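> Before I ask anything, here is the structure I am working with.
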């Protein structure tokens, strides 16, 4: 394997991180890393929630950064033009692209394969759940539940506001003998948290085969046998109903899925929807109510909202 790679750095806002990651995945990217200052700020404000953290990381500037790694071939300039144009157009979709600066650097393979790990330390994200990277040690407290995670470079650290709100909602609404469906399971973090919080059976689905593989690997790290991970669309690959459906995606996808999701939720069950930027919160609430959901609560953290609704 070549030892020298091209690193594309996009300087942006926390709001645009997922959108820009999606842009990179539409190209020939070999790896993606995310540096979100809001993760660092969360750790700064919750010093008791992590076991150890490199003080130098607390000096990270306010700009969020997405880095994509490419081989230098004849397609790279085409990819770069696509990235620049797509980032520039984010404003048209109501997404704050922040600085929107795109830079290219040459880097060694060893640098980008491991540097992203320094941003990821054990973090307590709810009353019970601690997200722990598999390469870190952590002294578990009696009441804590440890989620072992190797997100890989394709996924966030699990400490993003949207993930934290989902986990806190799962902690509140999961009871024993409950079934949970996780739409867009990514690294599997919500599926694993649901199982460890007492769900009897969990099904996670994702359209991305990389996510499916990552979820399955993380389930093995946690020694769980009550989680099923499927590749595809919820409506096409899952049968039956759940007591809770959780989706940490984006507002437009949640709005699109709402009518279909209703058929997969038991009477009295909950739909936990996050990944919703605050400016789109009312649009999601309107669609949920039009579809027959009752809004149970709206959680907000930073620029993001998590909406918990119920089917009676």
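Cβ coordinates are placed from backbone N, Cα and C, and glycine is handled just like the others.
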> Based on Swiss-Prot, name the residue from 184, 292, 302 that is recorded for the same S-adenosyl-L-methionine site as 163, 206, 248.
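Looking at 184, 292, 302, the one Swiss-Prot places in the S-adenosyl-L-methionine site next to 163, 206, 248 is 184.
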> What is the number of other Cβ atoms found within 10 Å of the Cβ of residue 184 (S-adenosyl-L-methionine binding site)?
21
> What is the Cβ neighbour count of residue 163 (S-adenosyl-L-methionine binding site) at a 10 Å cut-off, with all protein chains included?
25
> Quick check: with 163, 184, 206, 248 left out, which same-chain residues have Cβ atoms within 8 Å of the centroid of the S-adenosyl-L-methionine site Cβ atoms?
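After dropping the recorded site residues, what remains is 166, 182, 183, 185, 186, 189, 190, 247, 249, 275.
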> Sorted by position, what residues of the same chain at least six away from residue 206 (S-adenosyl-L-methionine binding site) have a C-beta under 8 A from it?
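In sequence order, 184, 185, 186, 212, 215, 229, 231 meet the Cβ cut-off.
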